Amino acid sequence: MGMRAINRSSSVNRPKWRKIAYGGMQPGFEDNHTDESFLEDMIMNANVVRRDLLKVMLDSVSISQYLCIVALVVLVWTYTLRSILTEDSLLLLDVTLLGLGFFILLVTAEMLSFELLLSYLLKISFFITGLYLLSPIYHTLTRSISSDSIWALTAVLIILHLFLHNYSGSTVKAPGTLENPTLTSNISLNASIVASLLIASRLPSRLHVFAIVLFSLQVFLFAPLVTYCIRKYSFRLHLILSFSLTCSTLFFVYNLHRLLFVLLFVILAFVNVICPYWLIRIQEYKFEINGPWDEAKLCFNITE
Amino acid sequence: MGAKISDAMGERGKHRILMVSDFFYPNFGGVESHIYYLSQCLIPLGHKVVVMTHAYNNRSGVRYMTGGLKVYYVPWKPFLMQNTLPTFYGTLPIIRTILIRENISVVHGHQAFSTLCHEALMHARTMGYKVVFTDHSLYGFADVGSIHMNKVLQFTLADVTQAICVSHTSKENTVLRSGLPPEKVYVIPNAVDTAMFKPAPEQLSNDEIVVIVISRLVYRKGADLLVEVIPEVCRLHPNVRFVIGGDGPKRVRLEEMREKHSLQDRVDMLGAVPHAKVRSVLITGHIFLNSSLTEAFCIAILEAASCGLLTVSTRVGGVPEVLPDDMIVLAEPDPSDMIHAIAKAINILPQIDPKAMHLRMKELYSWHDVARRTEIVYDRALRCSSQPLLERLSRYLTCGAWAGKLFCLVMLIDFILWHLLQLWQPDRDIEVVPDVTLANFLHEEMSWDSNQSETLR
């Protein structure tokens, strides 16, 4: 009892410690004094976003969708190399894809203007002519290299493409967008183009080469844009499309090779189920510290 | 030569300190002046101080500064922002030689991003010296650079004997970054040489109010805030004029702002101001404006206050601790709040007496006080018991699952290299420098303030 009274009186007489740097050493306190207020301005996990498992899973659908698109392209390559797909059917596929892509873009992007369409058609015809003229060169491009090396290189390039691909947007932008594509998405796009040229150079005729390069370029350049437009237009449509794409891809791959089917299935399950669950689980380890020592953020935009 | 060999240095309570940092004269900034003034004030207290830094251009080898302060400019080239290339063990031989030659008892490293400091502290700990570290800056926890720096700091501080920070906010930051127990971290602020920063002999009239800005014009110093604030203040207060001293990448933006709002006659851009000229710029103004986005302490505010200027500053980092509330107007780092704060400062300006403010600053801050408080830290450091290698290694192990083992490996290799060096060049083969006290400096010890300006610039 008496002790407590003495303590109280001493704490009354003693000047309170203040968080100041001026005036030399504070009387009664050493320089290494750690006050009760130490770290009281620290804020933990102020900006952490709580994520929902279902939403993360739905967001991951666009990744698996693109995986399926690339798998389908590889399937077309394989069937063409095995001479199951003829050049006529390939050309028919090209025209169908081009028409379908244009149709979707016109419907979803709401830019039904005759002049724009005309300028697009003009550009595309230039592009196709150029490709047709260059196809003899592509045809003999890698004649001196063995097919095994080409397949290995293509596989590496496709994996690189998938790793660096920009899944949240599209490298090829709709006209009028301001932001530029990132370096990694450009590298990804170039890897896919090189891969398709390598595959095309293994084909028997020039028309084959032309058809397959046109097909690959159509898919790699414009499929992200088209799927992006669909996703923006209607998320339900995006889900339906992804689901049907996944099913058909799995069906075709199953017909081609059992092991590849298992592999693709595992990858899709990993992307759509395990990764989202994993992300939610490791959220609890998130630890963010903020406090008065942080660099202040400017509340206005700097226009250089 | 007026030099004599004194044996008095070896007496109890007198330390033989090696200050290590990449940042020293001829470079100029907060760290550099801290080391210089602290050393100058420790020498009169009877301690021996030796400074070690890297070579600046052809300034290489051993130099003496005011008061017989010995400086080793180690011929080690800086590679980025005046930092030496981190080599871990490259500096071990020369640091060992200096430590033995100068018969050092305490090694005091400065600044968290000086590689030389980190290496010296590591070698000094390996050789069993007592080590003190001063942190002069603040770091965040979010970006990759900070995470890396924090790990390096954790490594150095894992085994440091005592640590010093320049403000309480800086102490909180350092404790969080390094995981040191808070009672091992001392808060000893910077100070200002009030004799060098005297107010103008005659008080300026308040008809025209001059706002002074002296800082490097970079993002972290809030140059972008100035671009927003200055035109608005000029519009609201027709009698206000700005003087901006400093250079940097953001200077172009400020000049653009001046053109755009046609403020050429009201905003003076001086370019880089050498430290010796800072006072002559400061005394032409009434208000000092600091717009930093992050600041551990801010010596510039002290210099301005010592010249009798009222300070307006952003409320960031350790700035709110630096001056009493009636000498500074604080604002959030936001243009509208800063404009408001400048208006408030203009209102209370008639009550400010520069001479009285200068006298108050003399009471509040002194490098001699800083030196005395640092001396206590050295005393404590020397009283700590020496620990065997194994016990120290266990402390490194706790630094992280992977990093801990890596740190241990680094320390073990350092230990082995040190022993190999001892075989190759035994301690007794290194000649110990006799302690030289320059007699003609001894009786000037209290008036060094007057001649250091020539030495520094």
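Each residue, glycine too, has its Cβ placed from N, Cα and C.
Quick look at what TrEMBL lists:
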type	residues	note
TRANSMEM	A:56-77	transmembrane segment
TRANSMEM	A:89-108	transmembrane segment
TRANSMEM	A:120-138	transmembrane segment
TRANSMEM	A:150-167	transmembrane segment
TRANSMEM	A:187-203	transmembrane segment
TRANSMEM	A:209-230	transmembrane segment
TRANSMEM	A:237-254	transmembrane segment
TRANSMEM	A:260-280	transmembrane segment
Look at every Cβ pair spanning the transmembrane segment (A:209-230) and the transmembrane segment (A:260-280), keep those 6 or more apart in sequence, and say whether at least 3 of them are under 8 Å.
no
Are there residues at least six beyond either end of the transmembrane segment (A:56-77) with Cβ under 8 Å to its Cβ atoms? List them, or say none.
85, 90, 93, 158, 161-162, 165, 167-168, 196, 199, 212, 215-216, 219-220, 223-224, 227, 231, 235, 238-239, 241-242, 245-246, 248-249, 252-253, 256, 264, 267-268, 271-273, 275-276, 279-280
Lying 6 or more residues past either end of the transmembrane segment (A:89-108) yet within Cβ distance under 8 Å of it, the residues of that chain are 76, 80, 117, 120, 124, 174, 207-208, 211-212, 214-215, 218-219, 222, 225-226, 229-230, 232-233
How about the transmembrane segment (A:187-203) and the transmembrane segment (A:237-254): do they have 3 or more C-beta pairs under 8 A, pairs 6 or more apart in sequence?
no
